[in-house]
Amino acid sequence: MKCPASFAITCLVLASVMSWAKAVPISIDKTKVKLPEETVKEPPQSVDTGLHYDRYLREVIDFLEKDQHFREKLHNTDMEDIKQGKLAKELDFVSHHVRTKLDELKRQEVSRLRTLIKAKQDIEGGNDIAVDHQALLKQFEHLNHMNPHTFEVEDLDRLIKSATKDLENYDKERHEEFKRYEMMKEHERREHLKTLDEEGRRKEEEHYEEMKKKHADHPKVNHPGSKDQLKEVWEEADGLDPEDFDPKTFFNLHDANGDGFFDEQELEALFTKELEKIYDPTNEEDDMVEMEEERLRMREHVMNEVDSNKDRLVSLDEFLVATKKKEFLEPDSWETLEQNQAYTDEEMREFEEQLARQEEDLNLKAADLQKQREDLERQQEQLNAQKVELQQAVEHMERLKTQKDPPPPEMQLEGNAVPESLGHDQPPVPPEHQPLPPGHQDIPLEQQQQHDAPQNQQDLGQEHQNIPQENQPLPPGHNSPPHDSPQMPLDHNYVP
């Protein structure tokens, strides 16, 4: 099969990379399209492939398509040649500008992957461990990590093969995710029942069974891709007479981008009418997550029945061949999700055991975190107490320093005078530190002892008891000579 130029991106990654469809909301009726003469063809819109390197993949393909030589080779390349890597060899002939841009894109992707590796290491607590980026980059197969600077033929080959393999597993991963969703929903329902008394559990079980019954009560669902299903779209969505149903006209009506293929998004749009029979967003019993799983099941079924070359596209020829099969004309009944439980009892048991282990691990971690918190709080209390003690010690030292330090020179006055500015707040000066009266500073210690000795004698003390105060001699050094007589030297050995 040749790749149409208008659908080159899809062909580059086995026809599914850039046409990969996310589920169409039920509120958007994509089956209502105009007649051929009124139809305005729109370029295909890029949608997320779900791959972790989706942006890198898109940018590489976008720049490759800008090269005229590469576009011509892509237009004339078979799918098998793309799978075998023959198209990748044409990279050597693209323009210098495109190659330079591809080099830049690869460097950015390598930088992104290294950032992811570092972030994962930080989360796991390995901040002090040296990271071997070369070894860790091996897990990313969509590029050649040994050459992080230039985009080569091997990089394009790796990108195509990785995208092909990853997309083939994409549906399987979506099914597994839905299975986990259903088991978790059932687990939460069971856990809720445990919190109720006997009467509450009885009412809850009755309500649950009632909702199941209401959900299952819907019109017949046609087999996806059958004549009955397509004729219903023809009549109700396209507004055409069911007696005039023509497969080729139907194909052209619903080939939204006019590229000659039904991609997965265009196929899923055909099932909206069938899904509306089962699901209503306003109904309590209808789960919209289950609706999208039903859409995926329908699309997969048609692809398996009609896509003969497994390129994830349905060509006009493949579609017309399928309309001649017995399955198209006389299909079996379609079993919906409520008729096919997503999980087995054994899977549910293992799931709940896994949840119990996870809960136990979380409880242990929570207890450990609580203990760490209590330890930190105790340490904080100790630090606060030490801080208070330190502040008190500093304040005490400051008070002692204030008491011992003499006043500054500008505050020192003659004698024992106290400046008014100090008031009565200053502590009293001890007698031994008070200045001596004038004339006493220079008296030798021996003379003072000789002068003071008689005062300790009892007879001299009695002799001086009756001397009038005004006639008592002044202390040594205080005898004032008459104003009219010359000052005489003091005799400290004289006793009156």
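Glycine residues also receive a Cβ, built from the backbone N, Cα and C atoms like all the rest.
Annotation comment: TrEMBL describes 1-23 as signal peptide.
Per-class residue totals from DSSP over the compositional bias 'Basic and acidic residues' (189-212), listed helix then strand then coil: 21 helix, 0 strand, 3 coil. Taken from TrEMBL, the feature compositional bias 'Basic and acidic residues' applies to 189-212 (among others).
Residues or ranges marked as region 'Disordered' by TrEMBL: 189-226 (among others). Long-range Cβ contacts of the region 'Disordered' (189-226) within its own chain (Cβ-Cβ under 8 Å, at least 6 residues beyond either end) map to 232, 270-271, 274, 277-278, 283-286, 298-299, 301-302, 305-306, 322, 327-329, 331-334, 336, 338.
Taken from TrEMBL, the feature domain 'EF-hand' applies to 242-277 (among others).
Secondary structure of the domain 'EF-hand' (294-329) per DSSP, as helix, strand and coil residue counts: 24 helix, 2 strand, 10 coil. The domain 'EF-hand' annotation in TrEMBL covers 294-329 (among others).
According to TrEMBL, the feature region 'Disordered' maps to 337-496 (among others).
The feature compositional bias 'Basic and acidic residues' is assigned by TrEMBL to 351-380 (among others).
Summarising the annotation, TrEMBL assigns compositional bias 'Basic and acidic residues' to 395-404 (among others).
Among the features that TrEMBL reports, compositional bias 'Pro residues' is placed at 427-438.
Annotation source TrEMBL lists compositional bias 'Low complexity' at 447-458.
The feature compositional bias 'Polar residues' is assigned by TrEMBL to 459-472.
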